[in-house]
Amino acid sequence: MKILSGSNNVLSNFKKSRYKLSSKTRQLSLLSITEANKLLREKKVSATTLVQDCLSRLKKYNAQVNAFIEIQKEEVILQKAREAENRINEGINNKLLDGIPIAYKDNFCTQDLTTTCGSNMLRNFTSPFNATVVELLQDAGSIIIGKTNMDEYGMGSANLYSAFGPVYNPHKIISDQESNIDKYEKRVAGGSSGGSAAAVASGMCFAALGSDTGGSVRLPASYCGVIGFKPSYGLCSRWGLITYANSFDTVGIITRTVDDSQLIFDIISKYDEKDSTSLSPKLRAFNSLISYNSPLNKNEPLDLSGLRVGVPKEYMVSELSEPIIKLWKKGISFLKSQGATIISVSCQNIKYALSTYYILAPAEASSNLARYDGIRYGHQSEKNLSQLINNNENTELLYANTRDEGFGIEVKRRIMLGTFTLTTGSYENYYLRAQKIRKLIQLDFNKIFRRQNPLQQYFQYFINQNNNNNSNNSFYKKEGVDVLITPVTISISPKISDYNNNNFLNFYVNDIFTIPANLVGIPAISIPFGKLHNYPIGLQLMSQYGDDLTLFKVAKTLEQI
Amino acid sequence: MFLLNKTKNNKNVLPSLFHLLHLSHKFSHQYTTITTTTTHPPNLIIDNKWEAIIGLEIHAQLSSKTKLFSNSSTSFQKPINTNVSVFDAAFPGVMPKLNSKCVDLAVATSLALSGNVQLISSFDRKQYFYPDLPAGYQITQHYEPLSIGGKIALSHLDGLEYETEVRIKQIQLEQDTGKSIYDIKPGFALIDLNRAGIGLMEIVTEPDIRSSKEAGLILRKLQNILRAVGSSDGNMEEGSLRCDVNVSVHQVGTPFGTRCEIKNLNSVKFLMEAIEVEIKRQINELRIGNRIIQETRGYDVVKNKTFRLRSKETDTDYRFMPEPDLPPLILTKEYLERILNASPELPDILKTRLINKYNISLKDVKALMGEEGGVEYFEKIVQYRNRNPKLVSNWITQDLYGFLNRKNIKFSKNPVSIEQLGSIIDCIEIGDISGNIGKQILAQMISGDTRLASVIIEEKGLKQINNITELETICQDIVMQNTENAKLVREGNQNVFKWFVGQVMRITKGKANPQIVNELLQKLLQ
């Protein structure tokens, strides 16, 4: 269904969608959730029409882009759409996401669809339970449209390491309304949540969940021209999100507007007792108290006066290309023009972030992936099975064959690396040192931000309260910044042909701007900000732990440009 | 809380909780108040030369209803693979959730062993591949255990001729593994995950043990403490208590020798036997000039021999790593006080208290403590009417236990109420019945009579004859009728005197007051 913009139709009253098309025509499935919701409520569009529009795009583009590993059965989707329609028509039990099609990265456990993690190991695996965030979004009325492609177990930044084939950047065929991607030199969608970013960018769904361990949501969002949000660690439950590296993994949100991102975030940012690293209700309340005392609280939406924006020196790395630096500067000037104060900041230890990440994350991964042994679920090797029987000693051979066949090259590489760093002798030299540096980087960031870290302030606050020395002023320092602005990536989406197996180390560099937020646990968002060579590119904002709302506020301003 | 604390090295800044242990008198040690002759350790040196150094590593299954990190039941007798959640089977996407009951039990145990409970402890992964270890790692507390230090003392109260103390190194919480079953289907390893993830306490002693006897007594004593605290049923046959032992020998005056670990000793008897033969083996090796190689050994019960399982070189590197899905376990002093106050009295303290307060023998105390609820039964009977403790403990440990034993009734199913046994003792005390009649009444109660002794006496007319005139007549009659025998008594034959007493009892159906009868007959037969 196509709607002409500018004519006297239902869309004329809407804020212009941030997703810009070169064409004058706009598609229903490229609206924001906020816009679609309004159409649905006003009964100008039915939920069935909405999902059918997504499905038709999915059919048209997925074969080109390879965004989905599994698509929900059409009759199931239409049935859910009718149920949502009935709820809307009856005006009862209206839910925030009634009838909105959503996709999930294939590392979120779902009972209805397989959950493969992009791996041969789990090619036919169906989880007996739903991830908590999947439950929350379903309860909000949304419809699962399918499971998106990804780098195997989340390990990769180009989405080339999937057992189900690479995801291709959909930008050109969408903007040119082409139907054959082979016309272009293929570029990567980014990873590891490449399928989620490509699906949202090409209008196959309204939002998608990804996971962000080292930039896996922000990077593909930047390459595909959508919003990629990584919340503060511990706000969204990881129960049912298949782990890559537990202390880094966060649920990530990919949408076409910042408002949509915030809407999804509001729904899934809930305490979950099943996740022991989920922020407790007490700490959430305390965090809100800090936000309530924010000096920026009285600002009107989009008014940035009083906002202090930091530009970290260390982000000016040699790999950064001139056009990206220009874009970065443009972003800085824009925020300044909106009333923000720009401050240069330094975060000394950030230069170690990449190495720290590539020691700690593989260590956790090597441990997490030990469970894939072919005994209880997933792939089991049939090689030499007759030999293995009658020889108890040979269970190790069964494991080796199973894991050799089930895991791809990058996963094996990281398991080996992680196993090495945890070995006696290396543990002290690598793992422990990396943990210490991680702590130092956390301290660096705490120094940079004006807002205090609620995790550190919590106990102090109650000690003060007991001493009747209750001062909320201590929540914000006099100095310090509210947000940091940086590039997300060192370049636009690279060509597939640039990648080969011998230069994999060079591609670890792609994560250089995104990894610090994961090391520290702070929120970060990638917002599309201009184009280079006709490919989108994003800027990144980061804020103090728990200050996700300020991030949204500034992102909404930046989104206007 | 989670992320930010994970890298902190808390080891050196942990507050000491020693002061807390003195908050309650419950655990303050009072052994010294017992008056015993101080004995010195006998010579534990073998052949004037060798000394054995022994340490234990004990795994005790926690008696919580659910597993350490999941809601699955820990019930022992469930069909195979039914107590298994997605977490226990290590499905993708699952996360551990610490069971607070397990923490309560382990903390109570630690306090009972005078351990220094850490306000901050953390969990780690111990990694190795094994079919009955679903995640490929066991969650344990390697770097920052729940409790550090502690001790178990042995003395004559435990059956040791001297006093000694064995220090506890640490106590940590960890997961149990599943079970691999090899003998049901040949060629296949069958896996039962019912046990996978049940909470264990790993209790490690310092190498302070010097003999197999000490080792056996330590294990027994620990068993009693665990049961008293209620943290584990300590059942070695069912595998809820498992023991590994480290043994080394050295010549006195030289550094400790190389140790060998003997795994999976599943009874106190086997533990002691294995230590004995391992000490002999090591001494023999050293005598003929061989070195002891550090290795893990098993114990063959049938051959009474230890044998090599694997050497140190082929040992797994466990690649310990902090568990990133669990924040540090933070306890407060208030919490520890609460656990301390809710803890039951410990065996040593109970023993000492019973001996001092009631002036009864160690043998009686052990007998009372040997049965679940025995001490409580005893104390209630004594306290209710201020009865003679010695008398009460005799009635319980000799007569009641004896009758129950003969009838094959467990003490926990004892049908004789506190009031009933008390009434028998009272009736004897006031002279209504003799001890023998008392035993008859007790037998009747065990057979199901729920009435008090006084009622039974009344109904059956068993009341003792205390009337001197009445008894004198009976005695006189008997002496008159048996002049021959009376003569014998007067000549000094005491056996015949007893015959006279028996005659009186026969006539009175045992109701005559034996003391009065004795006095009367003595007078008549002078």
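Glycine is treated like the rest: Cβ placed from N, Cα and C.
Note that TrEMBL annotation is computational and uncurated.
Of all Cβ atoms in the shown protein chains, 32 besides its own fall within 10 Å of the Cβ of A:LYS105 (active site, charge relay system). Taken from TrEMBL, the feature active site, charge relay system covers A:LYS105 (among others).
The Cβ of A:SER192 (active site, charge relay system) lies under 8 Å from the Cβ of A:GLY118, A:MET150, A:ASP151, A:GLY154, A:MET155, A:GLY156, A:SER157, A:ASN159, A:TYR161, A:GLY210, A:SER211, A:THR213, A:SER216, A:PRO220, each of which sits 6+ residues away along the same chain. In the three-state DSSP classification, A:SER192 (active site, charge relay system) falls within coil. If you look up TrEMBL, you'll see A:SER192 (among others) marked as active site, charge relay system.
A:SER216 (active site, acyl-ester intermediate) carries neither a helix nor a strand DSSP state and counts as coil. Sequence annotations record features per position, and here TrEMBL assigns active site, acyl-ester intermediate to A:SER216.
The domain 'Amidase' annotation in TrEMBL covers A:50-551.
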Going by DSSP, is A:LYS105 (active site, charge relay system) sitting in a helix, a strand, or coil?
strand
Near A:SER216 (active site, acyl-ester intermediate), how many other Cβ atoms are within 10 Å of its Cβ?
37
